[in-house]
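Presented below is the structure to which this report refers.
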Amino acid sequence: MKFVITSKGDRVSDDLQAKMKNYLTEFKLEWDPEEPDLVISVGGDGTLLEAFHSYIHRLEETAFIGVHTGHLGFYADWMPKEVEKLIIEIARTPFQVVEYPLLEIVIRPEDGEKEDRFLALNECTIKTAEGSVVLDLEIKGEHFETFRGDGLCLSTPSGSTAYNKALGGAIIHPSIEAVQVTEMASINNRVFRTIGSPLILPKHHTCLLKPKNDRSFLFTLDHITRSYTKVKSIECRVAKERVRFARFRPFPFWKRVHESFIADERS
Ligand code: NAP
């Protein structure tokens with residue numbers, strides 16, 4: 001089996017990366033940054049997001065696993081002290097894989113130029129550098145509302161514990177194929193009215209956003225920021241691609257949520 005290990009770049013993560021690389025090559029696994037079957041990210045959830053985008057072109061062939069060198073993460077859920085156990089498990093391939101849904105975003109320019117398509121593991125946010133974001137929101141081809149406010153966040157179930165949660169969105173189990181739309185400070189008065197609640201769209205319910213005035217936007221795709229001028233529309237849905245995580249022991253999602261956000265006062 002071919003593998004690669006990415007690191008957050010701090011000393012602790014780099015040392016752990018080097019140690020794991022040595023162990024795994026001793027077990028006759030092949031280091032291959034070009035075509036890895038397994039990508040091990042050492043750092044935090046942010047490190048795994050970077051690893052995901054580095055290997056986004058081979059999602060069908062590559063599985064991911066995260067070791068955290070800071071606090072427990074949603075993607076980085078192995079602790080440094082468990083690394084020897086993890087190495088033995090990896091060396092015993094084949095491993096089990098769990099798949100999580102991704103978000104697909106298509107940005108179409110006004111002037112008929114080529115559209116851009118992106119995948120996100122956590123979310124896409126739509127903001128603007130000046131003034132408010134004003135856009136019509138359609139769901140499944142029907143006008144739903146005209147949004148005016150700081151922006152919108154479209155998140156995956158596994159990203160629901162990230163930015164989406166800070167915006168008051170629900171935490172969604174990643175076995176549910178859905179996209180969640182959350183508002184950032186919408187303007188609500190007699191003229192502008194939005195639903196005000198997060199929306200959870202099932203697979204195949206496309207959400208189409210059509211800018212009303214200023215067509216310059218700042219998009220974030222996980223940790224990446226891009227700016228666009230003259231945007232005609234933004235289409236979002238559950239992607240047909242999925243991300244694959246290597247699973248070597250059960251660590252249920254709700255347990256991760258509990259351990260990340262709720263201090264266990266009994267321990
Ligand atoms: P960052 O601003 O350096 O860190 C964002 C924080 O979000 C880190 O603590 C990161 O964990 C955590 N995180 C990432 N994915 C998560 C997930 N699925 N569930 C729970 N926590 C998660 O940015 P970054 O490291 O480049 O990561 C980009 C992400 O930051 C975006 O995808 C967005 O979700 C998140 N973000 C959150 C807010 C907010 O909550 N107000 C605002 C902007 C961006 P680690 O420390 O383990 O890396």
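Just so you know, glycine gets a Cβ as well, placed from its N, Cα and C.
Remember, TrEMBL labels are computer predictions, not curated facts.
These features come from TrEMBL:
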type	residues	note
ACT_SITE	Asp45	active site, proton acceptor
BINDING	Asp45, Gly46, Asn122, Glu123, Arg148, Asp150, Ala185	NAD(+) binding site
List of residues, in chain order, with Cβ under 8 A from that of Asn122 (NAD(+) binding site) and at least 6 apart: Leu49, Ser155, Thr156, Ser158, Gly159, Ala162, Tyr163, Asp222
Those recorded positions in Asp45, Gly46, Asn122, Arg148, Asp150 whose CB falls under 6 A of ligand 1, listed in sequence order: Asp45, Gly46, Asn122
Asn122 (NAD(+) binding site) in three-state DSSP notation: coil
Assigned element (helix, strand, coil) containing Ala185 (NAD(+) binding site), judged by DSSP: strand
Distance, Asp45 (active site, proton acceptor) to Glu123 (NAD(+) binding site) (CA atoms, angstrom): 13
Of Asp45, Glu123, Asp150 (the recorded positions), the residue whose Cβ has the fewest other Cβ atoms within 10 Å: Asp150
Chain-internal residues near Gly46 (NAD(+) binding site), provided their CB is under 8 angstroms and they sit 6+ positions away: Lys8, His223
